[in-house]
Structures are given as structure tokens and as C-alpha cells.
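Data first, discussion second: the structure below is written as C-alpha cells.
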Amino acid sequence: MEFKVEYKSANARACRIKTTHSEILTPAFMPVGTLAAIKSLDAIDMSEILDAKIILANTYHLYLRPSSKVIKQMGGLHGFSKFDRSFLTDSGGFQAFSLNKISKPDEEGIKFKSHIDGSLHYFTPKSVLDAQYDFNSDIMMILDDLVALPASKERIELSLKRTIKWAKEAIDYHKLKQNQGVGMGQNIFGIIQGGTDFEARRICSQALCEMDFDGLAIGGLSVGEENEVMYDTVEAMMPYVDNNRPRYLMGVGTPEDLVENVARGVDMFDCVMPTRNARNGTLFTSFGKFNIKKAEFITDHSPIDSKCSCYTCKNFSRAYLNHLFKAKELTFFRLASLHNLHYYLNLAKQMREAIIKNEFENFKKEFYRQRTC
């Protein structure tokens, strides 16, 4: 993977990442395709209409169904889904933890039951990489020990111990596999844990920065803490996160979260929010968000956002979308998802342009001003 910080505006960064399958300009938002598909959209929508350079898929779900072996047989995620740009796959540890009441992390990994058929499974630092080698994802995430917030000091210390141990096992295993000719075009990111404890974040950041990861992710935030707590935690740990590698904040977030964390030096984001909200009728715009189901839109000729150039806004009215949503017409999911994802991807482009011009602070002020109009 090639990586370069091209421009800065205060702490905000505009970077260039080159993988085997695409070139990614940051700040970058990654649409979430849990099952190797963005809900209601296909590979053509993602590449030709939205021009997404990278999407995220989920190791836990794909490992269970259809299985990593089936995906490998079908040509990896790219051959299977026909999305020919970059894939980032998470380790599945979060899902193993959050979807299973009986999940049991220990010193070697995480035991869990399949939410599909109840079968027992065990994720280890090596096994989650083996699945991702089968996927041939461009960026692989390591297994980490997630801390549910709020957490005791003892639980955070245990999480750090496991996360650092598993990170070392993962990077050593990846080097071994590459020496054997496996995963040659694949990259591996470490995940920094520590809850909202600044000292724990510093310790974990420094430990992982000493390892030869291609990029560094911030995990364990946006899990119920107040927004300001998340922002303060990111800001406190950034001095200890390597400047010369991509920085990825996992599972974040709202448009405001993206702007605030880009201001603090984050490069990459993913979140289900744009597509999940789209399916519930909530649409993002330059002036905030609104729900299309309201009666005021029944005869509204205007597009979702007059400043938006997406496929949906160029072709359809609020009135039509209001009708589709109330009629439970499946077409609504596609049109709303196209709009919301375009909004997020375009927000990332606008932030990049502002950073290149060294005007990010002005962009941020205007971003919030429009939301109060």
C-alpha cells in the first residue's frame, strides 16, 4: 500500500492511499456493505453512480455465511460481488462480542455462537486473518478486545493486555504468511483500544505504533459515550498515533462526527448511518436532516436538497419519495440510500478541498452555519 500526506490545514489531513484495486483520497468515508453488498444497492451503483473507491464488509457475517472458503472459490470479495475497487474487512470481533450473549473472550481469542444456527466458533488473531486472506480484502483488520462503555479500570487494563498481545500475534502471522506468498497485495491495520481513558489510549497507541502495521484504527468509540467525550479522547491520543500511516476511526458516525474528527487528524471513517437512516426515511442535507414521511412533502416538487447533484436529487421530487416511503415501495430504499451515501461521500470531498486550500476551519464554520439556517 502506498500512503502519502499531501496537504494539511491545522490538524486536518488530505492524504492519498493506493491499494491493489483503487486509489483512495482522504478524508474518506467507507459505505458499509456488511454482507459484501450495500443494502438495496449493487456494485454498479457503488462504482458508476456513487464512485465509491472503497467499501467495508464484515468478517463475522461472511465467515458464517456463505463462508470464507466459498468466497475464495468465487474469486474473493471482488470476484464474488463484482465490486472491483477496494474492500476493507473488519475482524468480526465486535459482532462476535455484541451479537452473542454467551460470547467469551479469553487470552487467546473469542468464543461465540453463530446467530444463524447456534453453532460454536472461536475467533483468534490468526483465524480472522485466514478468513480475510480468503476474502482477498485490500485492508484487513486485526482481532481486538472491545471494551463496553462505561468500563472499570481493571477491564480496560485487561483489554489493553489482550489487544496488544493479539496485535503482535497478528502482525507476526501476517509477515509469516507473506513470506509464504499469501496476502501479498493485502494490508493490515492495527486497532487501538483503551475506552475513554486517555492514559490507556496513549499506552495502546504507542505499543501498536511500534509494530509494522500499514495503518492504525481507533476502535471502541461511538458506543454510547457523549460526542464531546469521543472528540476529547481522539484529540488526546492523536499525538501518539503515527503521522505516516492512515488513521481510521471505526464506526463513526454523523456528519458532525466526521467534521470534528477530521479536524483532529482522522483520515478514514465507516458507518451504517447513511443507509440505515435512509431506510427509515431520514435524509441528510446541507442544512441538516429531515424525515420524508411528513405530510408537508406530499405535494413538494423540490428535490431532497437543492444543492445536491446526486442521482436521486437530479431526477425525483420529495413528493415522489414521500409516496414511495408511505407505500413501502422497495424503490425508495435505493433512491434514499443513493442520496444519503452521495451526501457522505461528497462531504468527504468538500473537506478534502478545504484542506487543500488550507481553509478547513472556515469550512467547518460554514458547515455549522448552514445547519442553523
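From the backbone N, Cα and C atoms, a Cβ is placed for every residue, glycine too.
On a predicted model such as this, the values are computed, not experimentally measured, just so you know.
Feature list (source: Swiss-Prot):
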ACT_SITE  Asp90  active site, proton acceptor
ACT_SITE  Asp270  active site, nucleophile
BINDING   Asp90, Ser91, Gly92, Gly93, Phe94, Asp144, Gln193, Gly220  substrate binding site
BINDING   Cys308, Cys310, Cys313, His339  Zn(2+) binding site
REGION    251-257  region 'RNA binding'
REGION    275-279  region 'RNA binding'
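Location within the structure of each feature annotated in Swiss-Prot.
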| residue | record | contacts (Cβ under 8 Å, 6+ apart) |
| --- | --- | --- |
| Asp90 | active site, proton acceptor | Leu56, Asn58, Thr59, Tyr60, Met141, Met250 |
| Ser91 | substrate binding site | Thr59, Phe123, Val128, Gln132, Met140, Met141, Ile142, Leu143, Asp144, Ile191 |
| Gly92 | substrate binding site | Asn58, Thr59, Tyr60, His61, Tyr63, Phe123, Val128, Ala131, Leu143 |
| Gly93 | substrate binding site | Tyr60, Ile110, Phe123, Val128, Leu143, Asp144, Asp145, Leu146 |
| Phe94 | substrate binding site | Tyr60, Leu146, Gly219, Gly251 |
| Gly220 | substrate binding site | Asp144, Leu146, Val147, Leu149, Ser159, Gln193, Gly194, Gly195 |
| Asp270 | active site, nucleophile | Phe29, Met30, Pro31, Val32, Leu56, Leu88, Tyr248, Met250, Gly251, Val252 |
| Cys313 | Zn(2+) binding site | Pro303, Ile304, Asp305, Ser306, His339 |
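Secondary structure at Asp90 (active site, proton acceptor), as computed by DSSP, is strand. This prediction places the mean pLDDT of the region 'RNA binding' (275-279) at 98. The Cβ of Cys308 (Zn(2+) binding site) lies under 8 Å from the Cβ of Thr285, Ser286, His339, His342, Tyr343, Asn346, each on the same chain and at least six residues away in sequence. Within 10 Å of the Cβ of His339 (Zn(2+) binding site) there are 26 other Cβ atoms, across all protein chains. For the recorded site, Cys308 (Zn(2+) binding site), the DSSP three-state label reads coil. The binding-site residues considered are Asp144, Gln193, Cys310; of these, Cys310 has the fewest other C-beta atoms within 10 angstroms of its C-beta.
According to DSSP, the secondary structure content of the region 'RNA binding' (275-279) in residues is 5 helix, 0 strand, 0 coil. For the recorded site, Gly220 (substrate binding site), the DSSP three-state label reads coil. Binding residues for substrate (Asp90, Ser91, Gly92, Gly93, Phe94, Asp144, Gln193, Gly220) extend across at most 15 Å, taking the greatest CA-CA distance. Highlighted in sequence order, Pro303, Ile304, Asp305, Ser309, Tyr311, Thr312, Lys314, Leu338, His342, Tyr343 have their Cβ within 8 Å of the centre of the Cβ atoms of Cys308, Cys310, Cys313, His339, the residues recorded for Zn(2+), and are not part of that set. Residues of the region 'RNA binding' (251-257) grouped by DSSP class, helix first, strand second and coil last, total 3 helix, 1 strand, 3 coil. Secondary structure at His339 (Zn(2+) binding site), taken from DSSP and collapsed to helix, strand or coil, is helix.
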